[in-house]
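Look at TrEMBL and you will find 27-94 tagged as domain '4'-phosphopantetheinyl transferase N-terminal'. Per TrEMBL, CoA binding site is recorded for R39, R47, T83, H84, D105, E148, K152, L162. As annotated by TrEMBL, domain '4'-phosphopantetheinyl transferase' applies to 101-180. Taken from TrEMBL, the feature Mg(2+) binding site applies to D105, A106, E107.
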Amino acid sequence: MTISNLLPFGVVFVQQEESFSGSLSLEEEKALGGAVLKRRMEFTAGRTCARSALERLGTPVSSLLRGPAREPLWPSGVVGSITHCEGYCAAAVAYQERFAGIGIDAEVNEPLPEGTLELVARPEELERLGRLPAGSLCWDRLLFSIKESVYKTWYPLTKSWLGFEEASVTIDSNQQTFQVDLLIRDYPEILSHLRGRYLVEGRHILTAIVLAGGASSGNLQEPVFRG
């Protein structure tokens, strides 16, 4: 299984591994400001992947700027997501008429820092993690990655904050999938069935959520995956 298997047909995906490369436009450089070298390298690689993905999609841009919450400002009619961590960077984009939203996240497959899991996980999630099979996959880090993907899917549709405690995740280790129940009252109907996929590729965990349907879709159709 490859990383592209996490995403359905119609989603364009570009990645960089280990050695980051790329460049920024003057506008992107200005938006980055005086970031430290590590942050600058990750941001540059992320924007390079995103611009490459947009070009492959057929909607090239010279700059991909940030909104007030530091979210990428995608071209009109496009949904997308960017992720980067140590040794890995990727971007996924698609037409909004086909997909309502995308959230991807990559993390190094290692335990969360001490005390972090208790800030991320709800009591029932801690119980579920305890029942998952032991192995090389760090389940706490996977849970964190899933919630990052949830937020990246959530924010463009709501323009509002979603706390770690406001989403409850159930992981299916046999199918390498997950389901997310939102624990707040008011949210768009399209977010009522959040499901995603995950995998471990080398030393990285990758999670992805792709919402079916789009802005002009009357009948939602489930995405068709590559594998």
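Residue 1 is the first one shown; counting continues down the chain.
Glycine residues also receive a Cβ, built from the backbone N, Cα and C atoms like all the rest.
Structural mapping of features recorded in TrEMBL.
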residue : record              : Cβ contacts under 8 Å, 6 or more apart
R39     : CoA binding site    : L32
R47     : CoA binding site    : G22, L24, E28, L64, I82
T83     : CoA binding site    : G46, C89, A90, A91, I104, D105, A106, E148, K152, L206
H84     : CoA binding site    : E42, F43, A45, G46, A90, A106
E107    : Mg(2+) binding site : C85, R141, L142, F144, S145, E148, H204, I205
L162    : CoA binding site    : V150, Y151, W154, Y155, L182, I184
K152 (CoA binding site) CB neighbourhood, other CB atoms within 10 A: 23
Coarse DSSP state, helix versus strand versus coil, of H84 (CoA binding site): strand
Sparsest-packed among the binding-site residues, when each Cβ's other Cβ atoms within 10 Å are tallied, from D105, E148: E148
DSSP-assigned states of the domain '4'-phosphopantetheinyl transferase N-terminal' (27-94) in counts, ordered helix, strand, coil: 27 helix, 17 strand, 24 coil
Three-state secondary structure, L162 (CoA binding site) (per DSSP): coil
Residues flanking the Mg(2+) site, with Cβ no more than 8 Å from the Cβ centroid of D105, A106, E107 and excluding those residues themselves: T83, C85, Y88, I104, S145, E148, S149, H204, I205, L206, T207
A106 (Mg(2+) binding site): tally of other CB atoms within 10 A of its CB: 25
Cα-Cα distance maximum in Å, computed over every pair in R39, R47, T83, H84, D105, E148, K152, L162 that the record assigns to CoA: 25
Where A106 (Mg(2+) binding site) sits in the secondary structure, as DSSP reduces it to three classes: strand
